[in-house]
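Copied over from Swiss-Prot:
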- Thr206: active site, nucleophile (ACT_SITE)
- Cys64-Cys69: disulfide bond (DISULFID)
- Cys163-Cys179: disulfide bond (DISULFID)
- Cys286-Cys306: disulfide bond (DISULFID)
- Cys317-Cys345: disulfide bond (DISULFID)
- Asn38: N-linked glycosylation site (CARBOHYD)
- Asn308: N-linked glycosylation site (CARBOHYD)
- 1-23: signal peptide (SIGNAL)
Amino acid sequence: MARKSKLPLLLVPLLLCQALVRCSSPLPLVLNTWPFKNATEAAWRALASGGSALDAVESGCAMCETEQCGGSVGFGGSPDELGETTLDAMIMEGTTMDVGAVGDLRRIKNAIGVARKVLEHTTHTLLVGESATKFAESMGFVNEDLSTSASQALHSDWLARNCQPNYWRNVVPDPSKYCGPYKPLGILKQDIPIHKETEDNRGHDTIGMVVIHKTGRIAAGTSTNGIKFKIHGRVGDSPVPGAGAYADDTAGAAAATGEGDILMRFLPSYQAVEYMRGGEDPTIACQKVISRIQKYFPEFFGAVICANVTGSYGAACNKLSTFTQFSFMVYNSEKNQPTEEKVDCI
């Protein structure tokens, strides 16, 4: 009896590709939150010039820091309640799982650059505050004022509006009517109203970026100046691995943007990557993450971008009356330019 020929399993996809003629991979891939086109281009240029996925993430986020994307990245934006602009950033390498991050970074413009120095020159993951600034100076970064006339004007206007909105609660004087300094609300003073956050959804436009190199190596990163009028010393989700962004060469990568104080409680980027590891499509993975948060905070402002190891990507956002679509940027080998795409919120 004649023996049946058995083709190696790995050869079958190749033959199928040849039969279909077109078999190009979508890699490399650059994916980032919001329509920050120049950041996407900067990351792609880094790849085109022979750079790594990590190089591309750093270049893309650095471009946004320089251009002050949306007023919510880089210097001169989102003054805290003392009028100071501080920065958060993170960069993660999905092959080694190495991470470098900075939070509440002061007087240093290139936050993503400092984050990479943390990754490359320390065994730590996150440095914060004045100590992060001292580290940056030791790495050669220039100490300079991050405030601008625009950020100073924002702060002055906020003070004139009795410090509204702010992020205090259960304190006296009533934070919904007055500026601080505040003290804890005593047990016998519960008749004083508890302040609720009233800030609109603008100003949360963190750049989150995912890059997959043509070799399959993955990196992700974030950069932001946080939320306007935050309490001095506040650190958001952006520099927290698994919250702001997450990368793993064996599964994919994700990045989040929005209300960091809520997002970080759910580690959305990590969770999205784990969904993709389990076989979920990137869009479904992003949607599942948003749905998990909706159960507890139905009115939260946030979005997530996701990409798996094949270069397939997706995004999702939480639908609000003032936020029904989320825009993000894509650049891969099948496109000849950075392309803005939109997804309807759920």
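One-based numbering along the chain as shown.
Any Cβ shown, glycine's included, is placed from N, Cα and C.
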(request) Taking only the Cα atoms, work out how far Cys163 (disulfide bond) lies from Asn38 (N-linked glycosylation site), in Å, as a whole number. (result) 34
(request) Please work out the number of neighbouring Cβ atoms within 10 Å of the Cβ of Cys317 (disulfide bond), leaving out its own Cβ. (result) 26
(request) Tell me the Cβ neighbour count for Cys163 (disulfide bond), meaning other Cβ atoms within 10 Å of its Cβ, over all protein chains shown. (result) 19
(message) Taking DSSP as the reference, which of helix, strand or coil describes Cys179 (disulfide bond)?
(response) coil
(request) Can you see whether DSSP assigns Cys64 (disulfide bond) to helix, strand or coil? (result) helix
(message) Whole-number answer please: how many Å between the C-alpha atoms of Cys345 (disulfide bond) and Cys286 (disulfide bond)?
(response) 11
(request) Can you grab the distance from the residue listed as 'active site, nucleophile' over to Cys64 (disulfide bond)? Cα atoms, rounded to a whole Å. (result) 10
(message) Going by Cα-Cα distance, which of the disulfide-bonded residues (Cys64, Cys179, Cys317) sits nearest to Cys306 (disulfide bond)?
(response) Cys317
(message) Under DSSP, is Cys345 (disulfide bond) part of a helix or a strand, or is it coil?
(response) coil
(request) Pop the Cα-Cα gap between Asn308 (N-linked glycosylation site) and Cys64 (disulfide bond) into the table, whole Å please. (result) 24
(message) For Cys163 (disulfide bond), which of the three DSSP-derived states applies: helix, strand, or coil?
(response) coil
(message) Under a three-state reading of DSSP, tell me whether Cys286 (disulfide bond) is helix, strand or coil.
(response) helix
(request) Return the member of Asn38, Cys69, Cys179, Cys286, Asn308 nearest to Cys317 (disulfide bond) in space, with distance defined Cα to Cα and candidates limited to these recorded positions. (result) Cys286
(request) Measure from the Cβ of Cys179 (disulfide bond) and count the other Cβ atoms within 10 Å, all protein chains considered. (result) 16
(request) Specify the nearest of the recorded positions Cys69, Cys179, Cys286, Asn308 to Asn38 (N-linked glycosylation site), where nearness means the distance between Cα atoms. (result) Cys69
